[in-house]
Amino acid sequence: MGLSADLFVQKRSAASSLKQPKELGFYSKTQEGQFLVNDSSKLSYYYLPDTELERNLDLCSGIKKFKECFGNPDVDACTLSGLLKTIQAYEERKNKKVPADIITFRGIMRKLISAAFDSPKYNRVDLRVLSFNGQLFIREPNQAHPPPANTSSMEYRSYYSGYKFETLSTISKPLPQVTRNSLEKRHKRICCNGDQYITVVRSGVGHCKLVLGAEVDCVFDFTEDSSDNLKHYAELKCTKGVSTFAEARAFERKMFKTWLQCFLVGINRVIYGFRDENFILRSVEEYSTQEVPLLLKNNNPQLTNACMDAVRWYGALTEWLLSSIPREESAEHIRAYRLTFENNHLKLVEIEKSDTEYDQLVNGEGILTSEFREWRKSLNKSL
């Protein structure tokens with residue numbers, strides 16, 4: 001019988017110290033699924049003058065031409081390939097293994113933290129963990145998550161409007177490099193969710209060091225010729241305008257989740273577009289990530305301590321993973337685990353050799369690419 005462990009979501013860590021996130025690399029992902037390491041070609045720049053709001057921008061225009069790149073079961077949307085390539089490039093440059101205990105995507109860590117605040121019904125956690133070379137690599141299995149089927153439904157229009165807001169509020173190059181013609185025609189640009197720019201960030205909580213990959217929506221102002229542009233990135237969100245008490249409470253819950261998303265990788269700015277019931281963009285508000293905890297504390301008694309509570313749970317769950325899973329430095333010794341959220345606890349179960357997933361996870365490319373495995377073996381020999 002393999003290893004098995006549970007962590008109840010009421011658990012909190014006494015230690016809540018956070019390490020300042022630092023960017024160690026980035027990559028661009030194309031619609032075709034290519035990963036371009038240390039390439040910023042898919043990075044967007046924020047541009048939405050206040051005068052644009054007078055044009056009654058329709059967040060549903062072009063909906064029938066939307067290039068939907070998610071939901072295809074033949075495309076592994078959860079792959080760690082781009083993240084591993086970027087880490088390998090960093091290690092080749094430094095000639096040492098990246099100092100990390102856990103390597104994954106921000107979205108996965110957000111899911112795990114959200115387990116303390118949501119039920120499994122609304123926050124499904126079904127992850128695979130690989131212990132390799134002294135580190136834990138975590139990913140979701142490749143499962144198609146198709147968008148809402150009815151393209152005329154309110155659900156689909158809400159889904160699309162978020163991508164449309166990103167398209168309307170960003171340009172593909174810094175403003176001085178964009179032609180007037182491109183600026184004037186950008187409202188007609190076809191929306192696509194296949195191109196992505198991913199930052200790779202080193203951070204930590206308590207004694208746990210993490211490397212997290214996270215999609216970046218845009219640069220707010222400018223980029224520097226430095227190795228770390230985190231302070232220039234911004235998160236874009238779009239939601240229905242707030243006009244009632246119930247809507248205010250719903251928006252505050254959204255803000256908490258947005259804060260969680262941004263604080264994990266050190267993104268300091270959130271820009272919210274507010275639309276009306278006809279999906280016309282009515283206003284835009286900018287928030288500092290640092291001000292969100294105080295905003296929630298002053299406005300919603302239920303969320304008074306939510307941000308600090310999230311940090312303490314973050315510390316508890318990472319401590320639990322590191323103490324529960326053996327991590328051998330050898331690049332030859334590999335173990336796989338299934339991590340799920342059931343009722344009121346996270347459940348970790350070792351995947352046995354008899355399991356149908358075992359061979360693909362441990363010996364195949366279910367989590368690690370063969371290129372990355374070979375790189376780590378050669379790095380170990382050279383050190």
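Cβ coordinates come from backbone N, Cα and C, glycine included.
Positions annotated as divalent metal cation binding site by Swiss-Prot: Glu166, Asp217, Glu235, Leu236. In the three-state DSSP assignment, the secondary structure recorded for Asp217 (divalent metal cation binding site) is coil. Within its own chain, Asp217 (divalent metal cation binding site) has Ser44, Glu166, Thr170, Tyr233, Ala234, Glu235, Leu236 as residues 6 or more apart in sequence whose C-beta sits under 8 angstroms from its own.
Look at Lys237 (substrate binding site): DSSP puts it in a strand. The substrate binding site annotation in Swiss-Prot covers Glu215, Lys237, Gln261.
Sequence-distant contacts of Gln261 (substrate binding site), defined by Cβ-Cβ distance under 8 angstroms and a gap of at least six in the same chain, are Arg106, Arg110, Glu235, Ile267. For the binding-site residues Glu166, Glu215, Glu235, the greatest number of Cβ atoms within 10 Å around a candidate Cβ is found at Glu235.
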